[in-house]
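*Asks:* Quick one: the structure is below, and I'll ask about it shortly.
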Amino acid sequence: MGDVIVLYASPGMGHIVAMVELGKFIVHRYGPHKFSITILYTCGSIVDTASIPVYIRRISHSHPFISFRQFPRVTNNITRNISVPAITFDFIRQNDPHVRSALQEISKSATVRAFIIDLFCTSALPIGKEFNIPTYYFHTSGAAVLAAFLYLPKIDEQTKTTESFKDLRDTVFEFPGWKSPLKATHMVQLVLDRNDPAYSDMIYFCSHLPKSNGIIVNTFEELEPPSVLQAIAGGLCVPDGPTPPVYYVGPLIEEEKELSKDADAAEKEDCLSWLDKQPSRSVLFLCFGSMGSFPAAQLKEIANGLEASGQRFLWVVKKPPVEEKSKQVHGVDDFDLKGVLPEGFLERTADRGMVVKSWAPQVVVLKKESVGGFVTHCGWNSVLEAVVAGVPMIAWPLYAEQHMNRNVLVTDMEIAIGVEQRDEEGGFVSGEEVERRVRELMESEGGRALRERCKKLGEMASAALGETGSSTRNLVNFVSSIT
């Protein structure tokens, strides 16, 4: 009878990739003879995409020690005026019987040493306990956001009689270990509206973090503010009870060679060969994640700012969303690039800029010698990819917990410059502000200092995963807790 670690991913490609990377790290360290990895995932979610089965087939082929178990299809309860997160959380709860039967089935032929779940899969926590399986959370953002999530039930308790956070324009919240407070309107998107069922779901999830056997985090100790690590370890984030062990095991990011297999070869080669011809650290890379998208008016402001800055740039432009206020795009249908940019922009900047539609191989781009800065939506995976590559950032958050990440990147970690967003206009950024921040990062002494700091952090990221590194030590401590 072999030993297996079972991982349970939330719906969506990003969540599955995160679990795969954790599984690969465990097996890379201990070998498939010590543990096999089984990843449970759902079927039928409204956030599923056609790329998920393609990705799973590829990983199954290249990493045979990772097996996947897909649950039977479940139908979403789609009700009018209910948010996508609320629908998704209800969908996850409907999969609880499949979690139970999967653990039962796997336990017949193997010893389940640990059950690792995503935060949104909290309804599976008591199921793991029911089987006496040590159950852990995998937190796929940084330690500062973990500190905030652990403390969120306390904030909920203190603000029960107030309006929704989205309406508290003059309110800020203090989190243990954070240097600067966070605007209420910049809280994680899931809790902005008290009347959305996702609000109470998120408070429930966060209140259960301390009830697990431990929390595994995709970051490394050297990246995080010491005050945040101390606040978590010292129990300040869970004032009403014990904090479980926390294991920082990152940075876990997808490998370049695996990413490149899914790329559009011709377009990829074009942008990479263009980068190879540019001077060292001279190019600003702009990319806002797989879901990040802007209305045409904002795209024009970005273009004007880039043109006025005089800097070299590689800019990934996604199709503008159908709803003008939305910042998320679903699908990458073709669109007229010239039509969404200022007239003549592409021609006027052709000697120093390149604009690509929808996608670029981000991990590979960030590691190019010519890249000297990164305008990012502050998704945690993108942040880690920039840190590993030693590239400083301009922080432009869009949704999810990205405003929280921005606060920490700019104020606590000091590895990014924040753009000034007009909250009353949906986070709009003017062309003048784009130019100002681009020049600050690429031309100023402050930008150079940021670049030096990021270069050192890149070296520390590599060391953390080495034989004697902090993340390897933390993985060893986690494995000791389950064997």
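In case you wondered, yes, glycine gets a Cβ from its N, Cα and C as well.
Per Swiss-Prot, the features are:
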ACT_SITE  His15  active site, proton acceptor
BINDING   His15, Ala400  anthocyanidin binding site
ACT_SITE  Asp118  active site, charge relay
BINDING   Thr140, Ala360, Gln362, His377, Trp380, Asn381, Ser382, Glu385, Glu401, Gln402  UDP-alpha-D-glucose binding site
*Asks:* Listed recorded positions are His15, Thr140, Trp380, Ser382, Ala400, Glu401; which of them have CA atoms within 10 A of the CA of the residue listed as 'active site, charge relay'?
*Replies:* His15, Thr140
*Asks:* Work out how many Å separate Glu401 (UDP-alpha-D-glucose binding site) and His15 (active site, proton acceptor) at their Cα atoms, rounded off.
*Replies:* 15
*Asks:* My understanding is the cutoff is Cβ-Cβ under 8 Å with a sequence separation of 6 or more in the same chain; which residues meet that for Trp380 (UDP-alpha-D-glucose binding site)?
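*Replies:* Once residues fewer than 6 apart are set aside, Trp380 (UDP-alpha-D-glucose binding site) is near Thr140, Ser141, Gly142, Val145, Asn218, Glu401, Asn405.
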*Asks:* Work out the three-state DSSP category of Ser382 (UDP-alpha-D-glucose binding site).
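*Replies:* Looking at the DSSP assignment, Ser382 (UDP-alpha-D-glucose binding site) belongs to a helix.
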*Asks:* Let me make sure I understand the span of the UDP-alpha-D-glucose site: among Thr140, Ala360, Gln362, His377, Trp380, Asn381, Ser382, Glu385, Glu401, Gln402, what is the greatest distance between any two Cα atoms, in Å?
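*Replies:* Max span of the UDP-alpha-D-glucose binding residues, Cα based, is 23 Å.
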*Asks:* Within 10 Å of the residue listed as 'active site, proton acceptor' by C-alpha distance: pick out those among the binding-site residues Gln362, Ser382, Ala400, and say none if nothing qualifies.
*Replies:* none
*Asks:* Given the binding-site residues Thr140, Gln362, Ser382, which one is most crowded in terms of C-beta atoms within 10 angstroms?
*Replies:* Thr140
*Asks:* How big is the Cα-to-Cα gap, in Å, between Ser382 (UDP-alpha-D-glucose binding site) and Ala400 (anthocyanidin binding site)?
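*Replies:* On Cα coordinates alone, these residues lie 14 Å apart.
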*Asks:* Please give me the CB contact count at 10 A for the residue listed as 'active site, charge relay', counting all chains in the structure.
*Replies:* 23
*Asks:* Give me the CA-CA distance between Ala400 (anthocyanidin binding site) and Gln362 (UDP-alpha-D-glucose binding site), in Å, as a whole number.
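*Replies:* If we compare the Cα positions of Ala400 (anthocyanidin binding site) and Gln362 (UDP-alpha-D-glucose binding site), the gap is 20 Å.
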